[in-house]
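Asker: Pulled these from TrEMBL:
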| type | residues | note |
| --- | --- | --- |
| DOMAIN | 222-356 | domain 'GGDEF' |
| TRANSMEM | 29-48 | transmembrane segment |
| TRANSMEM | 54-71 | transmembrane segment |
| TRANSMEM | 83-103 | transmembrane segment |
| TRANSMEM | 109-126 | transmembrane segment |
| TRANSMEM | 133-150 | transmembrane segment |
| TRANSMEM | 156-177 | transmembrane segment |
Amino acid sequence: MIPYSNYFVENYHTYYEDIADRNLKSLRLITTLGFLMGVPLILVSLFLENFLKATVPYTIITAASVFLNILAKTSLKAYKRLIPAALYTMAAIILGVSVYLGTIMQPELNAVAFIVFLVGLPLFIVDIPSRICMFMGIFCVIFCMLSKIYKTPYTASYDIINTVVFYLLSIFTSHQFNYLNFRQIMSNNILEMQRDTDKLTGLWNSGFCERKITSHLSLANAQGALLVIDIDNFKLVNDSRGHDCGDQVLKEVGAVLQETFRSSDIIGRIGGDEFLIFLPDCSSDDVPRDRIVQFLEAINAINTAADRELPLIGASIGIALAPEDRCTFRELFKHADEALYLSKQNGKNQYAFYHILP
């Protein structure tokens, strides 16, 4: 096993969306090729007697390719958790057909197609290495058992030896390709993180927040709460203590946000003294009011931190909910901003919900 395997397992969920996108592209490619190759093979099998028994298997591959290709271009974009299952299903159909063709249908011939798919298919899958090995191993065992049953001892022995050798080769090559794909995904994430991170606070910037929230809201039955935060009296801090002190306050606000809310929440700085938090899968009953109050209290405590005498710092917060207050980022932000304006009108250092505005 290549040493990266454990690291891959530990970070699989961290990079799951990128891995899913890569596997979705592979599924589209495999299903497109399955259709383009399946149709001619069906036609050939209908006119050549030797291939007549292969009509049904070829039809299965073609039909599965069409169905899964349609899913890949439609619903799988929203249900990314189903992408690995769809990809493995297509691979299982291809391997199953190649096992049938190489054993039951043509017992007198060596199985070339199965060996080709045994080595080639894993190269299109980015997944936990042990899972790929187990998946391919199951079909190798099935192939070897059917070879012993349907083939002559010599042909069966030849195919079994080939299967063992090329299975080991498949493990090695799939691990190498997985390693390269995973490194590329990590490198892309590092570059994107540098591009998408606010350099002062270490939080996400506005562009990233909008893309990430939009992506979440595009999922089926998406829910979430958007909090828009404005630091009260921040201009007075800059005017009375200078921009260096103001920057330090912003850093502390960012740290408080990260300590108060979940790591799965989207936390960003979207302007000079404006921040944004998106709580995925959060309904109106689930909004953590206790955390919001905790955040407001922590912001007030910044005033006396490090023996500094600062103008009274607080935070005004506007909250909008999806899908109650619309389902696009722009609409949610607009409504949260209106709720923020109300909280400022009511005396600052408090929060307000858009759906209960007067």
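Every residue gets a Cβ built from N, Cα and C, even glycine.
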Asker: For the domain 'GGDEF' (222-356), what's the mean pLDDT in this predicted model?
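Answerer: Computed over the domain 'GGDEF' (222-356), the mean pLDDT is 87 on the 0 to 100 scale.
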Asker: Considering only Cβ pairs within less than 8 angstroms, which of the stretches 54-71, 109-126, 156-177 has the most against the transmembrane segment (133-150)?
Answerer: 156-177
Asker: Check the transmembrane segment (29-48) against the transmembrane segment (156-177) for contact, please; criterion is three or more CB pairs under 8 Å, pairs 6 or more apart in sequence.
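Answerer: Counting Cβ pairs under 8 Å (6 or more apart in sequence), the transmembrane segment (29-48) does not reach the transmembrane segment (156-177), since there are fewer than 3.
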